[in-house]
Amino acid sequence: MGRWWETLIIAYKTLGVVFGGLVTSPLYVYPSMHLKSPTEDDYLGIYSIMFWTLSLIGVVKYASIALKADDQGEGGTFALYSSLCRNMNIGMLTSRPANSSSTLSRSLLDEGTEKQSRLAKFFRKSVVARRVLLFIAMLGTCMVIGDGILTPAISAVVEALSAVVLIILFLLQKFGTSRVSFLFSPIMGAWTLCTPLVGIYSIIHHYPSIFKAISPHYVFRFFWRNGREGWLLLGGTVLCITGSEALFADLGHFNRSSIQIAFLFTIYPSLVLTYAGQTAYLIRNPNDHDDGFYKFIPKTIYWPIFIIATLAATVASQSLISATFSVIKQSVVLDYFPRVKVVHTSDSKEGEVYSPEVNYILMILCVVVILIFGDGKDIGNAFGVVVSLVMLITTILLTLVMIIIWRTPPMLVALYFCVFFVMEGVYVSAVFTKIPEGGWIPFAISFILALIMFGWFYGRQRKLEYELTHKITLDRLGVLLSDPSVQRVPGLCFFYTNIQDGLTPTLGHYIKNMKSLHQVTMFTTLRYLLVPKVAPHERIVIKKLGLKGVYGCVIQYGYADPLNLEGDDFVSQVTNSLQAHIQNCSGRLPSNPSEYQEEISDLEEARSAGVVHVRGKTRFYIGHNSGWFDRIMLAFYEVLHSNCRSALPALRVPPPQRIEVGMLYEA
């Protein structure tokens, strides 16, 4: 009973965060349509289209299928992408290579090449196919971020909200999803309850037989009668499913059961009844479609509903703002996006995140879009492009999940793909006609974001290639340390490296110039694995490297794990793990107990002498032999790299303990 009560409370909270964009869509769907002398049959056809769109895409696709495709509680396009990569055992195209020394169970990764589907084997063999898959995931991420910009913009334009109100909304984000949902849920709850009641009144008063339009034949009659004009109107009707991607993308902030309960028992019935009421009113008042929401409200309750609508429109964008934080965080930890600050705003729900930089950039871009494209129809057209493309991308990725991970029977996969790909493909074709009329906005936003993601990815990939080519082997390290001029100085050093099968070239540069290495040196790699979360006992992996006082350390994190260790706490955890590792090794080889005591003594002595964290600060040297593409992309990467956050502040290492070793990598 207690668990169900907790789920219901969480479901209530989702109203203020997940469903804002979706449940307020009646404000702008009919006004966004360019209707010309609409008839009763036209309105019945439009309602039938909206009903089946909500039922198929909302209920079947997202609430019933997509929410089950979570990656250990995380949702969104990158969660689908990483899940596919892990199950196909194809390491992601990232500057972080597969972890060969991980203690994680390999059973999921190595599910059996023989048992993998032909499609999985195809992706394993084809680099082009993997790059296409990456492009699709990147495009989906860019579109979700674009949605996070356009949702507040269209809400503000529809309700004539000032930029100040939107700025306040963005400033509230730092308090976290739980607190924001506590504040916004009563508003959205009131909206979700009031609008269907008005809809029921309108149905009874204007057109009691409206639900006959549930029959699909009204859809066919609509297109048969209107032809191309009916197809173009899909650019407006698609907005009825606005924000549906947030059901999946916001999954990390809540859980599957709470989102399903809230959608199936409140949001979906509310939308069906509200649109039915609007349509019933418009059948009797066919020329009021430009203000199709407020005119169908009875005059006696107009002002209370107006106030609720204004408040609801203000907070409607919360769903996509939260989703943007989630996808940016996933992109950062998977190294597809420059490092930005990510704050975990909940101790109990690690999917609740907030990024100050992203929040303020969203706020600025949203205000700019409103000021430049004040016409609500232009922003609505842009919104339609984003909504339809994100849905189509999710359909493609879910189809791959069904085939590769779930092993769904081919007939069911074909049924799913044909229904949703055709349906959403038709929507996409319709909204693409709106590109000259504002539909280009999301493409411009997505192009800029994709350029940033690709530029970062390309630079990290080239950097990794250089490091693997010029890595320092253990034999080479032994030769360097055997030089009489190289001294072992007191202290504990964490030397950060991005590669595991060898050591970073910066190490050789450091030893040659400093002529020293610390008494105890931990070559440390921060490793984000292709799983959302890593078990605490598998977080720190220690191994001896065969040289006195030299160890390898891997700090393993999933993309849903917080990297928020304090500097001293981090050192304590690593040294404790090292002591346990030394003790285990001595237990397996008890012939020389004095060696164990000496290692422990050296470790304690080194830590008491002082701790230092060394990382390379590398740049590309772009020589005359480099091609024009390398020159442009690597120069762009250097701009991004010089303006992003360091990985060390994430561990909160005190500045006096940090050392940066500069080195040029020749491109």
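Glycine is no exception: its Cβ is also placed from the backbone N, Cα and C atoms.
These come from TrEMBL:
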DOMAIN    11-476  domain 'K+ potassium transporter integral membrane'
TRANSMEM  12-31  transmembrane segment
TRANSMEM  43-63  transmembrane segment
TRANSMEM  128-146  transmembrane segment
TRANSMEM  152-172  transmembrane segment
TRANSMEM  184-204  transmembrane segment
TRANSMEM  230-249  transmembrane segment
TRANSMEM  261-281  transmembrane segment
TRANSMEM  301-321  transmembrane segment
TRANSMEM  358-376  transmembrane segment
TRANSMEM  382-406  transmembrane segment
TRANSMEM  413-433  transmembrane segment
TRANSMEM  439-458  transmembrane segment
DOMAIN    490-665  domain 'K+ potassium transporter C-terminal'
Near the transmembrane segment (230-249), which residues from the same chain, at least 6 beyond its ends, have a CB less than 8 A from one of its CBs?
18-23, 25-26, 28-30, 32-35, 45-46, 49-50, 53-54, 57-58, 62-63, 66-67, 69, 75-77, 144, 147, 151, 222-223, 259, 263, 271, 275, 316, 319-320, 322-323, 326-327, 380-381, 383-384, 387-388, 390-391, 394, 426-427, 429-431, 433-434
The recorded stretch from 12-31, 261-281, 301-321, 413-433, 439-458 sharing the largest number of CB pairs under 8 A with the transmembrane segment (43-63) is 261-281
Could you please provide the mean pLDDT value for the domain 'K+ potassium transporter C-terminal' (490-665)?
82
